[in-house]
């Protein structure tokens, strides 16, 4: 049983090998190599892409941290000022100058505009409007018991604001704006008549209105983008502000205004000059503030669709990246600014960078390897194909007679034995025909060997055309042929032999110019039906004996028995 399984496996492998062929195997091997090389290259591309994304995020994080650090410093100053203001509201300093300031306020509070100054070199002036103007505002009110304390606290904060404000700071203006109709600012109001306009410019700004107890329930620091309160100045500003509360009462707002141009300059200074890419700053509503690119100081390179995609991506995380056409956009929310910093890196910038050089080198290596692989495939495929053709030709020549194109003696015997064994296994008859051309030596002697070769070739063609599909014919001697008929009885084999004899004898063939001859053959037939013997050599010997009986009986005959 194990032997049968082994034979079946070998047979299956042989069939597969015949079906595939060496060329198909070469193709398959090269396809596998190409697929694996492409897979490895793709894996390298994925790793390179991850490294590129990490690099983009690291560059963005460095700039964001630098900007955040500077903004945090200003936020910390604002919190410090609010704490000082709260302390001053609860426990004001008992200075004569401060008491005089309260008295002066009581004297001028009904005036349309007023200013209180203690010492211009030490503190800032308090600028205010009348009770009548305050009463017209919805958010404004002087109905609080600590109004005097707020006046003195504003003067104290003015002293701190003067100390905190310097030319190297990002902050252009720091101010305290009270709901009670006055303000303190590091930008002085030169003329009293300008106080109402400036005050109402403050209290109508989003950074003031947005700190009402309804709008800012958590009383936290907030950032706003707005136009300045001065009509002559059209440059947008970013204002950080915080409400001032004490005993659950909202007194006013402390704020610091930072011009966008200042943030733009700081953004440029924070960027490594050797790095490509554009940095853009947006507020919480994705409104463009500034850019590090001098060519787009007030531009926006994103269309509405791209801004919508960016906003959708920002909903799920505080940092990330997204591809937009040929650009890679990375973004990170700032900790101390209600906005987001965006880095835009274009394809051309990426190609010029280190990752671009590596990508180009990787692509060229893959292309070179693939080209060499294809050339190798073509050369080896041609070599294998030529060798296969040569092998097939040599194998054919080893198994066939080149003149008659029939099997030679060795090949015929190799074919006959397994066919005889198969017929014996299935109890089918197995027959053999021996054919010998009559007077062939005379043809050679009279017309030459070339004519003899033509006769042999002509006879082989007629014999082949007379056989069944499963029959096998071969040349076993000079003018002798042998035909194997698996599954044919003695009678059927005799009929085939007679058909061969008639075809050979009926057709004339041209030997030389104006010379034709007619050939004949003597045939002997044997079959396993007679003795039950399936030995091919025995059957061939028996058929050969009957062939010579046919020659002795006068040639051009078929003998299927020793008596006929």
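Don't overthink the numbers, they just go from 1 along the chain as shown.
Note that Cβ sites are derived from N, Cα and C of the backbone, with glycine treated the same way.
Not measured: the values here are computed from a predicted model.
Counting every protein chain shown, 20 other Cβ atoms lie within 10 Å of the Cβ of residue 479 (active site, proton acceptor). The DSSP secondary structure for residue 479 (active site, proton acceptor) is coil. Under the heading active site, proton acceptor, Swiss-Prot lists 479.
The annotation Mg(2+) binding site is assigned in Swiss-Prot to 436, 479.
The Cβ neighbour count for residue 444 (substrate binding site), using a 10 Å radius over every protein chain in view, is 17. Look at Swiss-Prot and you will find 444, 449, 453 tagged as substrate binding site, backed by similarity to another entry.
Look at Swiss-Prot and you will find 428-563 tagged as domain 'GGDEF'.
Annotated site 'Transition state stabilizer' per Swiss-Prot: 441, in sequence order, evidence recorded as sequence analysis. On its own chain, residue 441 (site 'Transition state stabilizer') has no residue at least 6 apart in sequence with a Cβ closer than 8 Å to its own Cβ.
Annotation comment: Swiss-Prot describes 20-40 (among others) as transmembrane segment, evidence class sequence analysis.
If you look up Swiss-Prot, you'll see 360-380 (among others) marked as transmembrane segment, on the strength of sequence analysis.
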Among 436, 453, the most crowded of the binding-site residues [Cβ within 10 Å]: 436
Summary of DSSP states over the domain 'GGDEF' (428-563), given as helix, strand and coil counts: 63 helix, 37 strand, 36 coil
Cα proximity to residue 436 (Mg(2+) binding site), best match among recorded positions 444, 449, 453, 479: 479
Distance [Cα-Cα, Å, rounded] between residue 479 (active site, proton acceptor) and residue 453 (substrate binding site): 10
Number of other Cβ atoms within 10 Å of the Cβ of residue 449 (substrate binding site) across all protein chains: 10
